[in-house]
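Engineer: One structure, as structure tokens, below. Some questions next.
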């Protein structure tokens with residue numbers, strides 16, 4: 001189950017960024033970002049994910065302050081993590 005502070009589908013930022021906690025159900029193919037093939041883009045390899053915040057599949061994100069995103073998610077701001 002999602003934690004209480006997880007980003008929800010009706011969150012205005014989530015809507016604006018087309019965030020979906022399940023990347024396979026997201027618009028990542030239609031709105032793919034440069035860096036990796038669309039099917040390899042997800043929050044876990046995005047530079048905005050904060051690996052030291054949250055636990056398990058739920059981590060922090062610089063784009064959603066104080067909230068948690070699913071590492072298997074995707075949004076239109078996905079950017080390949082350096083390194």
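Each Cβ is built from the backbone N, Cα and C atoms, and glycine gets one as well.
Pulled these from Swiss-Prot:
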type	residues	note
BINDING	43, 46, 61, 75	[4Fe-4S] cluster binding site
Engineer: By Cβ count within 10 Å, point out the most packed of the binding-site residues listed: 43, 46, 61, 75.
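Structural biologist: Of 43, 46, 61, 75, the one with the most crowded Cβ is 75.
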Engineer: Other than 43, 46, 61, 75 themselves, what residues in this chain have Cβ atoms within 8 Å of the centroid of the [4Fe-4S] cluster site's Cβ atoms?
Structural biologist: 19, 42, 48, 49, 63, 69, 73, 74, 77, 78
Engineer: Please state whether DSSP places residue 43 ([4Fe-4S] cluster binding site) in a helix, a strand or coil.
Structural biologist: helix
